[in-house]
Amino acid sequence: KLASGVRRVGNEVEKKIYAANDRFVPVMKDFHAQVEPGTKKLVAQANKMEDTTTRLCKAYGEKKCRPEELLSKFALFAREFRGALHAIDKEEADKEEKRRKDAEAAERKKLAAERKKRRASQNAEAEKNAKSNQLAAASPRLRSPSAKQRKDKIIDALVDDMVRFSAKDMLKKLKKKRHRTKNKMEGPGSSMLKPPQQ
């Protein structure tokens, strides 16, 4: 339309006869001379764009359409593509958040189980110590050997001696023991222990 309009202006100016004082024709001639090269260049670019648009429509399987229609389709596709990317990113972030929360919950559960086990072990140890303390408090004699235990040890030693030595040896051993005991009692200063004679 623009090119045809410029052509019409050129045709009118060429064939119009004008008066000497009429300024319209000279001004329009100058205008036409300036505008015509730019218009031709613009028409060539428009034709090239139309050809490119036709090839693009064919490449993308679209019906033949004007450049602005094709560009609006590309803009819509880009907008929907960005929306899809955003949705994928959000889904991944939600999955990661769920994984993180599940891991934290599992860790908390594990720590709680360990605490429970440790507490049960401490309680069992405390209960064992308390029973030991109660038992020790109830029978303090158990900590040191009793008179019966000492007597049993002496009897065991005698039985061992009887097994190891013959009866004759045992009599000798007992005599020596009596003799030593008697000497101790009659040793120096023993007269002080004797009752006075009358």
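A Cβ is built for glycine as well, from the same backbone N, Cα and C atoms used for every other residue.
For reference, TrEMBL has these:
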COMPBIAS  89-114  compositional bias 'Basic and acidic residues'
COMPBIAS  135-147  compositional bias 'Low complexity'
COMPBIAS  173-182  compositional bias 'Basic residues'
DOMAIN    1-107  domain 'FH2'
REGION    89-152  region 'Disordered'
REGION    170-198  region 'Disordered'
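Mean pLDDT for the domain 'FH2' (1-107) in the predicted structure: 85. Mapped onto DSSP helix, strand and coil, the domain 'FH2' (1-107) counts 91 helix, 0 strand, 16 coil. Across the range of the compositional bias 'Basic residues' (173-182), the DSSP-based residue counts are 10 helix, 0 strand, 0 coil.
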